[in-house]
């Protein structure tokens, strides 16, 4: 089947412009394939958004694509090369178990990578087997869809296939392949790789390609590389604020896990915070709390500093001048983050305007929440509904004092109760992908029962809907002596 007939049958409008880059950025390779695959999850709503033929792809025809048994006609699959600072240590990486099948271009000219994850060893696999386990792939599916529902830029999951094979981790697990959709997979680590092992022309080619793909409005600007740096800084500031506002903890913010597009990527040891504590860490390998909830803005800044270092030769031929430009641009991150953060927190508290003491009001609430170990999500739900139950924080003197200050501040807005509540409901999710719910979904799914997972996914499509039907997903996990721990399974 040629590309034209394939497009007509599936809806996939395929290209691979990444192949126009110098060949140090990729390695051509076909997926290994699966002997006895089964399509266990297909994202019909995403397929519809992308203009794909759901009926064809949610069949044996689609299964063969998602299982790595068939590739897109006329398109060469590639593994992408990149580096990364892993917990601060620079190393060569690359797609060790993923392949970019191609790029799908929608009818409104939006371009998306179509990537198989868990499709076998590549030239960049090092000691890995190139495979993926079922539970981590389903975990990425659930949480990425949850993030999308929350309105947070993210990669998406189109399909999950059970390969019919076992993979050895700490124990034997069911093998799987996830089909990931992303605006692109160009990472901070891709630029670090180009700066370290490529030529100046390689670096320039990558930057020009990325600008054309993600920031076409600056492509013809005289100072396009400086503007490029500033655009990426701005997108990351916006993204991290959105993470913080819902208690999302990525867990492994290495430079290979920060993409230039500003999407959330790689849902390995991520989790959502229940009890508000800025020191919260879930990852089993984050012993020092480098990627703790409260440190995520600092780590984003650190990653962006590495990005600016990679761009230095493009910012100015004179190194000293280039460093000064980079420093000036990077210094804006904290200002942008602070601005976006307090704007978001005002919205979460029903405030439409900016007043001098708002920062003290916001910080006063958060410090009280931390002191009394309040649930992050449900505290803001309680404030939204003006309904205070089951939390010791609400009976504290600190909260009562804060509440009076907040009410006085709301009066200054001259807005109706309905307007205030609508603003709060649109910024305070009623539900999130709570860790215990995700774990229950995965446990059942591994046994072949997808009922709870499907119901959870349906609920997460509308997390800002304060519906009675969603109330069961607001319940906190039972108290446990064992802390919740996540692993880098994805």
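Positions of Cβ are set from backbone N, Cα and C atoms, glycine also.
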Among 111, 180, find me the residue Swiss-Prot lists at the same ATP site as 94, 96, 97, 117, 129, 130, 187, 266.
180
Can you give me the Cα-Cα distance between residue 97 (ATP binding site) and residue 256 (active site, proton acceptor) in Å, rounded to a whole number?
14
Maximum Cα-Cα separation in Å among residues 94, 96, 97, 117, 129, 130, 180, 187, 266, which the record lists as binding ATP:
23
Per 10 Å Cβ neighbour count, which of the binding-site residues 97, 180 ranks highest?
180
State the count of C-beta atoms found within 10 angstroms of the C-beta of residue 256 (active site, proton acceptor), not counting that atom itself.
25
Could you round the CA separation between residue 180 (ATP binding site) and residue 257 (Mg(2+) binding site) to a whole angstrom and send it over?
14
Those binding-site residues listed as 129, 266, and which of them has the most Cβ atoms within 10 Å of its own Cβ:
266
Between residue 266 (ATP binding site) and residue 256 (active site, proton acceptor), how far is it from one CA atom to the other, in Å?
9
